[in-house]
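Input: a single structure, listed below in structure tokens.
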Amino acid sequence: MTRRMLGRLANPQLLALVGVLLINWLLFPSFFRVTWQDGRLFGSVIDVLNRGAPVAILSIGMVGVIATKGVDLSVGAVMAVAGAVAASLVVAGYPAPVAVIAALLVGLLCGLWNGFLVAVLDIQPIVATLVLMVAGRGIAQLITQGFIVTFNDPLLIFIGTGSFLGLPMATVIALVLLVLVTLLVRKTAIGLFIEAVGVNRAAASLAGIRSRMLLILVYALSGLCAAIAGIIVAGDIRGADANNAGLWLELDAILAVVIGGTSLLGGRFSVPLAVVGALIIQAMNTGILVSGFPPEFNLIVKAGMIILILLIQSPLATRIAPRRPQRARIGVQRTAK
Amino acid sequence: MSETGYVLEARGVVKVFGNHVALDKVNFGLMPGEVHALLGENGAGKSTLIKVLTGAYQPDGGEVLVESQPVTLNNPQHAQTYGIGTVYQEVNLLPNRSVAENLYLGHQPTRYGFVDRRRMERDARTVLARYGLDLDPGSELGTHSVAVQQIVAIARAVELSGKVLILDEPTASLDRNEVERLFDVVRSLKAQGLAVVFITHFLDQVFAIADRVTVLRNGRLIETRALTDVTRTDVVRLMLGKDISFSGATALEEARPAGEVLLDFRNYGRKRSVHPFNLTIHKGEVIGVAGLLGSGRTEMARIMFGADPADEGEVRVAGQKTAIDNPTDAISRGFGFCPEDRKAEGIFGELSVRENIVIALQGKLGWFSALNRDEQMEIAGRFGEAMDIRAASLDMPVKLLSGGNQQKVILSRWLATDPAFLILDEPTRGIDVGAHAEIVRTINRLRDEGLALVVISSELDEVVAYSSRIVVMRDREMVAELHGENINPGVIVQAIASNQTGASA
Amino acid sequence: MSRSLRPLLATAVIFAIAYGLSVMQFPGMFSTRVLGNFLTDNAFLGITAVGMTFVILSGGIDLSVGAVIGFTGVLVAVLISWMGLHPLVAFAIALIVAAVFGGLMGLAIHALEVPSFIVTLAGMFLARGGASVITQDSVPINHPFYDWISDLLIRLPGGGRLSFIGLLMIAVFVVGALVAHRTRFGSYVYALGGNTVSASLMGVPVARTTVAVYMLSSVLAALAGIVFSLYTSAGYPLAAVGVELDAISAVVIGGTLLAGGYGFVLGTFIGVMLLGLVQTYIIFDGTLSSWWTKIVIGVLLFLFIVLQRLIFAASAPGEKVAEKA
């Protein structure tokens, strides 16, 4: 059993994460130094966990969508909408829990809308979610009337910048969400059904799987995750910026999912590995910052990362290097039994 | 001309994939002006041979000769320059473009660098007329029937190559009239001296159109014979190397005491799909459904299963009036459905054999009562063994299995749900003979165990062998229900064919 | 009537009605001045959208065009203002760089067999990152050639002016339409969007066509970047952020099926004009805020997507009724 666990740990995503962290350490020797101050942990590694949380949360929602052969381009805009709702409500004098719940509901609603377009109207996901991607920021600006709405509400700020058991609150939320969603998909049949729908929707329907409900569920979950990320980001900067909150994060989330080994063509997926993907992205971001490169360098590194993954996952690569790792994995499983 | 007289020839061709020998020193010669059938079970090497002859694969040994000159064919386009054209089972044209463009894509006539559309459409009209098609060359190809598209594909292949036409299961999705129409085209091409290679699973069609037949088995050439010298039994024996286990079962099923009524469809139908029909199904009986493609047989199956819900009439399950509006309703009442198009609607290619087998049962259990891995293994193992599924592991992706084994997986999927009623749409189409026999055996076994089955099949001999009753579909309507002595292929054909005034291609 | 013409017709009708209503409310909108500015203000979007039309017709998508516009602007500005090259030389260099860039993206999409959006996403990061690495500030361009080009215009009766860049956009549309609808290359692009497997079996040079399509898109985006630099007389690495979305919207609103295979270059022109109309209306109104543009574009996008869904689902022969699950 433990050996099987070890076999699982030795997967390419985790090795890549370790590799990136080691490179960061070489470039910036105090990278792994963690200090305890004011009841919470500080350090570059903690920073990775903290800064990576929004994309990790988005990727938790995105991975299910991509597994059904879909994609949700609207999550960045939904983040902005949710942030705008939460900020506007607390500024208008509503209690913070009401604002948070309202923001979550709005996110859920956006997800349901996407799910409706994809599942009921049968519109290609990239097209369906493009609608909200384009209109969402307009809606967010409509809510904030074009201003950056700043607030001083302690609860919202705590969600964005607070800590729990020494860990940043954003990290804790991401972790809880990771556990909950993993349990949701793997301890029920939902995960299998998502994969079945992603592989062959017509066959899934004839096998008695209500693919419509399932699609609506994954898009709703994605919208909800986007709202959570939006609240965190708003809490972090103590304000809702309709123009810039979550800008291009949908692309980071998609990238995280792809790094996590889920094919853009649907099918097999892994929630934890998508989160590892998000951490790899953030570790690179942080590495570039702490080692003194200009932040724009980040975009180039991300581009390089996409190219690398596409090369590794391409049929070309599998033709050149025929499945050695797979055989090794079967071997590990056998010894475990 | 050349010494052998062959326009296209494979001499001692060898093709190896990994450690699997797909073609083992195969000889194959094609004369101008002949229709040459290429037969063999799945995996016999037919498609590999075709791919070598069209340049899609390079042979690992032996040589390909065009008019007795050894050639190297780099790809299908290159083969085309030697006069070799191919038409595939699924029409490989562009439904979004005009008929004329589909005929000439890549070879459009140009003027000053621009496509001369007027001339292209004029030429297209002339060409199409030769194939008996009178249609607007400017119309979108996708708006025409599959048969017309198939003929356009042949026209394109002949226009661009002109010596050899390879037809790879072109009739698989055509009905009888359409097949006849296609054959007319093939006959006239043959008369013009074209050499035609014809691949099919239908022996009838081989005897209807071919002059010679070549049989492959396990990558080896078994024999090439003139069809005038052989009988059907000979051909089948050559293909299998043995007699098929279910042959000779043309004897009528004994009139057995009908079990209790399980299903009762009354005036059940769906607008623009199937006219209302009445059908009572008992436990322990197999109802065969005969009819041409497009007769409404698949549509009837889909309505029964709720894949397309009925909009009139009613259904009683075990006496209880009920509504079946979607597959989930049907499954909860003990129904199962093996669709005709296995790849598109049946299997989950990427998922494992195990997951493919448990998925319907899991669907029945719902989102929240998940079977764990061990339970899945047990279920998949049990049903996989009962159906004799040949897979290296239950965890391997089902797409790596042969068509016959995939069909067994789908059947196992439904058996795992402990069904009372199974609908099988062409369960034996396009699978190898061994799997075919296994599926026929399973149908008989399930009937004896008291299941009710509806089996749609184009193979009348086979339907006759296992059915207690046969319903005949024509023009989206149930036109006959045959019992006892009426059940023989001749009567069925008559029922299908009678009064076919509205028939059109 | 061919069903692919219906969305185009719908776009044209909507544009005519919307323009008519706008003119009834603000008669000032019916003038050669407004129409002339229409072309000038939307020139870079229009040029980009022509390239995007080809990409979408071929069944792909290009997310990198906005970044290529930004990169080209910076490159041109740097070549002219810092290195003292003549603008025409700078333009040639920028177009060649873009051609190589787009060609590589096309090659990657074909060779790696991956969805175009992920490859062009990498392209977007690369081009934006590259532009920001060169400079993070706006680089002004002061060159007599630029002044000469901006003076190059045709005066219309009624005070309107047809600028060089407006005319350039129209020329790009005309050439684009000819290439798409009247050449073999154009038919290959449609073939790829219809069915890649069939196209390949029918002898369409899939690799070459894919590379050419993305090359064309990047070259036109670079041309749009040059136009944008003429328009603003500067190069800025964060210029034209989000233009890819506007271009995609214009293409879809112009009646091209996002899944590929159906559509017209002319439709994209009407789509661009419709987007321009929305913006002009909001400026004329004065009380509406700019964010309504995004919302209206979103709504239009939604309407056209649903419209296409209805047209192509209703009349596809033999297509089964969507299963009710």
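Placed from the backbone N, Cα and C atoms, the Cβ positions cover glycine too.
Here's what TrEMBL has on this protein:
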- A:12-32: transmembrane segment (TRANSMEM)
- A:52-68: transmembrane segment (TRANSMEM)
- A:75-94: transmembrane segment (TRANSMEM)
- A:100-120: transmembrane segment (TRANSMEM)
- A:127-149: transmembrane segment (TRANSMEM)
- A:155-185: transmembrane segment (TRANSMEM)
- A:214-235: transmembrane segment (TRANSMEM)
- A:247-266: transmembrane segment (TRANSMEM)
- A:273-293: transmembrane segment (TRANSMEM)
- A:299-317: transmembrane segment (TRANSMEM)
Positions whose Cβ lies under 8 angstroms from the transmembrane segment (A:127-149), at least six residues beyond its ends: 71-74, 76-78, 80-81, 83-85, 87-88, 91, 110, 113-114, 117-118, 121, 239-243, 245, 250
Proximity verdict for the transmembrane segment (A:75-94) and the transmembrane segment (A:247-266), three or more C-beta pairs under 8 Å: yes
Positions whose Cβ lies under 8 angstroms from the transmembrane segment (A:273-293), at least six residues beyond its ends: 11, 13-14, 16-17, 20-21, 23-24, 27-28, 31, 44, 47-49, 51-52, 55-56, 58-60, 62-63, 174, 178, 252-253, 255-262, 301-302, 305
Beyond the flanks of the transmembrane segment (A:155-185) by at least 6 residues, Cβ under 8 Å: 36, 39-41, 46, 49-50, 52-54, 56-57, 60, 64, 86-87, 90, 96-97, 99-100, 191, 194, 221, 225, 228, 231-238, 271-272, 275
Distant-in-sequence neighbours of the transmembrane segment (A:12-32), which means Cβ under 8 A and at least six residues beyond its ends: 43-45, 259-261, 273, 276-277, 279-280, 283-284, 286-287, 290-291, 312, 325
